[in-house]
C-alpha cells in the first residue's frame, strides 16, 4: 500500500507543481543566488502572477475571437436574411404581375404586399377616376318635356311607333397624304391624356384604414369671380403632381414640412409619405395610385428606408403590368362576342307582345266617346222614380167623381154622403229595379270582359318583361365581368345602371359614384331584376329619379358601343321601360277590377232591393186584400143602413104628404065651416088630431132604397089609414059641430 500511495503523491506533485519547481530550480541554478530558497520562493510567486496575467490575456483573446466569430456569423445571417427578404419581395412583386384578377382585387393585393413587406404603418390605393356626368333635369319652361310619355327615348323626346332614331352623322373622311410623302400612312400620334378634371377615388386600404375608402381626393374649386386680392386659393393636393407633372413617384420624408399634403381625418401628423403612379406600360396613361406612409401613431413616424421605398416602387410596376393585362383581356372580351342579334330578336318579340297587349288594353278600356256620342262602357243611368200604378189612379178618379156627385145632390137640400178617403199613391219600385238589374247585369258582364282583357294585357306585358330578364340573365356573367373590370366610368351605361338601381330600391348614396356602384355588380342584381314586382303601384318620386337618370343616357348606338358584348345598357333600359308598361297596364287592370267589383256590388244591392220590394209588395197586397175585404163588408153594412134610412125617409115623406093633405082638407073644411058660420075654434079642433097623427109618421123608418117595390104596399097602407083617419076625423068634426 505504501509504494502505491507514494507513487500517487509523486504523480500529483508532478501534475501540479512539478513543472513550476523544476523551472524554479533551474532558474536558481542559473542565477546562483546567495539564498537559493528565498530566490526560489520569490520566483514561484512571480511565476504565479505571470500565469494569472497570461491566463487573462488568453481568456480575453479567446473572448474577442468569439465575439468576432459571433459578429461574422450574425452578419452572414443578416446578409442571408436580407437576401432572402429581397428574394421574397422580388418574388412577391413578380407574382403580382402574373395575377389574373379584377382591378380592385389587384389593388387590394398590392396594398397587402406593401403593408406586409415594409415598415409602413398604412397603405392604400386609388383609381384615377373621371367625374360622372350629371343626370337629366326637366326644363322649367317646357311642361311637355317634363311629362312622362309611354315610350320616350333615353336622351330626349319620345319616338312614335315604328319611328327610327335619326341617323348619326358620318365621320369625316381623313385627308389624303400629300404627294411625295409616300404611300404608307403616317402613324397616328396619340392624343395626350387630359387629367385636369380627374380625381383619385380610393378603393383599397390596409387593415385599420377603412375610413380611407369613403374619401375621394378632388382638385380644389376655382376661386370665385368676386374674390378679393387677398384671397388665398386652396393649394393643390400633393398627390396630383403624379398626374400634372407626370412624376412616377413622390416621396416626402416629413409630411409636416409639406403644406400640400392632405390628411384624411383633417388632423396633421408626422411621418413620411410615398406615392407611386400606376401607368399602363403601352400608353403611359396613369390608371391608379399606390401610396404608403409611416404617420404616427399608426406608423413609427420615421422615414421609410430605401429598401422599403424600392419595394413600393417595384410593387407599383408589377401592378402596372397586371392592370395592363387585365385591361387587354377585358377589351378582348368586349370585342369577342356581340349580343346585337339576340337583342334585335328580343326587340321583335317584345314589340309583338306589346302590340297584343295594346290591343287587349284598347278593348278593355276604349277611348272616350266623341262629344255628343254615347259610350258603350258608361255606367248605367240612375234609377228613375217608378210611376204610380194605373189602378190607384183609376180608383182615385172614381172617388173624386163620386165626391162631385155627392156635392151636387147636396145642393138639392139633401145631406151629402161622406167623402171617401183619398187613397195614397202607391209606387211600385219593382219595374225600375228590374230595369236597373238588367242594365247592371250587362254592365257587370262588360266589366268582367274588360277585366279579363286587362289581365291578359298585363300578362302579355309581363311576358315581354320576362323575355328581357331572360336575355339579361343569360349574359349576366359577361356583363358583371365587364362592369367590374372597367376602371373608367362608362357614362351612358352608368346612367342606365343608376336608373336600374333606383328602380330596385337600392339606397341612392350607395351608387352616387362609379366607385360606389361597384358593390352592386353581383348576381343579386339580376336576381332582383327577375323578382321585381312590376304590377305594384309605382312610387312616382322614385320614378322621377329613375327618369332623370335614364333620360341622361346617350343614343342607342353610343350606348351599345360601351358594352358591345352584352349591350347591357340597352337591355337594362328596355327592362326599365317594360316595367313601366307593366305598371301602367296593372293600373288599368286595377281600375277595371274596381269597376267590376262595384258593378257586382251594385247588382247584388239591386237584387237584394228587388227581393225586398217583392216582399214588401206581397205584404202590401195581402194588407190591401184584407183592407178591401173589410171595406167591402163595411160598404155592405153601410148600403144596408142607407137602404133602411131611405125607406124611413120615404115613409116620413109619405106621412108628411098625408099631413099636408089633411091640413089642406082641414083648411077646406075650415073654409067651409067659416062659410057655414062656424068659428076658428072648430077648425083648430079639427087640425089638432091631424097633427097628432102626422107626428108619429115622421119617426117611422124608411124602407131600403133597393126594396122600394116592397115598401110600396106599406105606403099604400099608410095612405089608406090616413084617409080613414081623415074620414073619421071629419066625422068627429061633424059630430062636434053638431
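Glycine residues also receive a Cβ, built from the backbone N, Cα and C atoms like all the rest.
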According to Swiss-Prot, one residue in 241, 580, 615 is annotated as asymmetric dimethylarginine; name it.
615
Looking at Swiss-Prot, which of 354, 453, 626 is flagged as asymmetric dimethylarginine?
453
From 134-189, 246-301, 470-525, which range did Swiss-Prot mark with region 'Disordered'?
134-189
Report which of 538, 584, 590 appears in Swiss-Prot with the annotation asymmetric dimethylarginine.
538
Among 89, 104, 321, 620, residue with annotation asymmetric dimethylarginine (source: Swiss-Prot):
104
Residue 453 (asymmetric dimethylarginine) to residue 104 (asymmetric dimethylarginine): how many Å between their Cα atoms?
51
In whole Å, how far is residue 615 (asymmetric dimethylarginine) from residue 104 (asymmetric dimethylarginine) when you measure between their Cα atoms?
82
Suppose we draw a 10 Å sphere around the Cβ of residue 453 (asymmetric dimethylarginine). How many other Cβ atoms does it contain, all chains included?
21
DSSP-derived structure type at residue 538 (asymmetric dimethylarginine), helix or strand or else coil
coil
Looking only at 104, 260, 615, the modified residues on record, which one has the least crowded Cβ, with the fewest other Cβ atoms within 10 Å?
615
Based on DSSP, name the secondary structure state of residue 260 (asymmetric dimethylarginine): helix, strand or coil.
coil
Can you grab the distance from residue 538 (asymmetric dimethylarginine) over to residue 260 (asymmetric dimethylarginine)? Cα atoms, rounded to a whole Å.
50
